[in-house]
Amino acid sequence: MRIVRERDSGRVRASIRAVLPAVVALVLFVGASTLVGGLLGAGMATATAGLVFVLLAFNSALYAALTAGALRGAAWLDRRPWRAFGFHVDRRWLRNVVAGGAISLVAVGVSVGYGQFRGFRAVDLGAAGVSGPGGSLVVGLVVVGFLVMSLLGNVFEEVLYRGIMLRNFVDGLTARGQSLRVAAAIATLAGTVLFGLYHVPLRGNVVVAVDAAVVGITFSLAYLLTGELGLALGVHAGRFPLNVLPGATLGPFEFHQVLTFSQNTLAANLEIKLVRLGLTCLLLLGWCSLFDGGVRVARSLRRE
């Protein structure tokens, strides 16, 4: 039992508490999505208009259910209330959600403008729009449904990989004598690698996994600075335009392409990404320094 439980407290080991909810949730998500896609005979990209609504509703409900299940399981494994995993919601928490969203939107806008200035991207705001069958009401409902599903997916990922995984990694490392800063650095490295690997079975692309791991550093920074999920959720949600600006298809519904990749090379893409991520990190540090008590790893991440 010593392999599974900590010697001093009898709790399940921090490494297991950190990883198990994410593994179980990923298996259930992939399994359920594959099953439903097989039963319906279509995925989101090839579905009919009616099936698009079914899939949006199903994925949203699945994200919500798995998030709730992960929080309940983590609370049981860790002997803490579920709010301890980043959901001490108050005025500060809500303010950080808004700030995080604004920070990401600014970083996205600046990076797009930078890409256009460098000749790597072309922007056509006049092309913005969404088309599809059924008139403006139906199209509007699809846009809202897609946004809700995306936001619930953000919550799902932040709960698993920041609220549960990162917190437990930091907790376990500090319990073994590491300083809070060292523990946060090691935990961030481990957590971002696992966050990247999480995207492989979802998209089957190692490049996407590496991209997700790098982007995950900004979410981890937001969480470590506050000890709560509000800022990280805002930063994650504020990246939504990146899903639709290059164009996207949901069955017969199409988000028109606003952003064109004039130079879709590794060097160009990396340069733009570094601008966006670097600006995001600087704005996060500035926000916490000016409005959220200073730049430091939140002491609430260490179990007293």
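Just so it is clear, glycine is given a Cβ too, placed from its N, Cα and C backbone atoms.
Database features (TrEMBL):
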- 142-237: domain 'CAAX prenyl protease 2/Lysostaphin resistance protein A-like' (DOMAIN)
- 20-45: transmembrane segment (TRANSMEM)
- 51-72: transmembrane segment (TRANSMEM)
- 93-117: transmembrane segment (TRANSMEM)
- 137-161: transmembrane segment (TRANSMEM)
- 182-200: transmembrane segment (TRANSMEM)
- 206-225: transmembrane segment (TRANSMEM)
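The transmembrane segment (20-45) is not in contact with the transmembrane segment (206-225), judged by fewer than 3 CB-CB distances under 8 Å for residue pairs 6 or more apart in sequence. Within the chain carrying the transmembrane segment (93-117), a Cβ under 8 angstroms from the stretch's Cβ atoms is held by residues 87, 123, 222, 226, 228, 230-239, 241-242, 245, 259, 268, 272-273, 275-277, 279-280, 283-284, 287, 291-292, all 6 or more beyond its ends. A Cβ distance under 8 Å defines the sequence-distant neighbours of the transmembrane segment (206-225), meaning residues of its chain 6+ beyond its ends; these are 86, 100, 158, 161-163, 166, 170, 184, 188, 191-193, 195-200, 231-232, 234-236, 239, 273, 277, 280-281, 284-285, 288, 292, 295-298, 301. In terms of DSSP secondary structure, the domain 'CAAX prenyl protease 2/Lysostaphin resistance protein A-like' (142-237) contains 87 helix, 0 strand, 9 coil.
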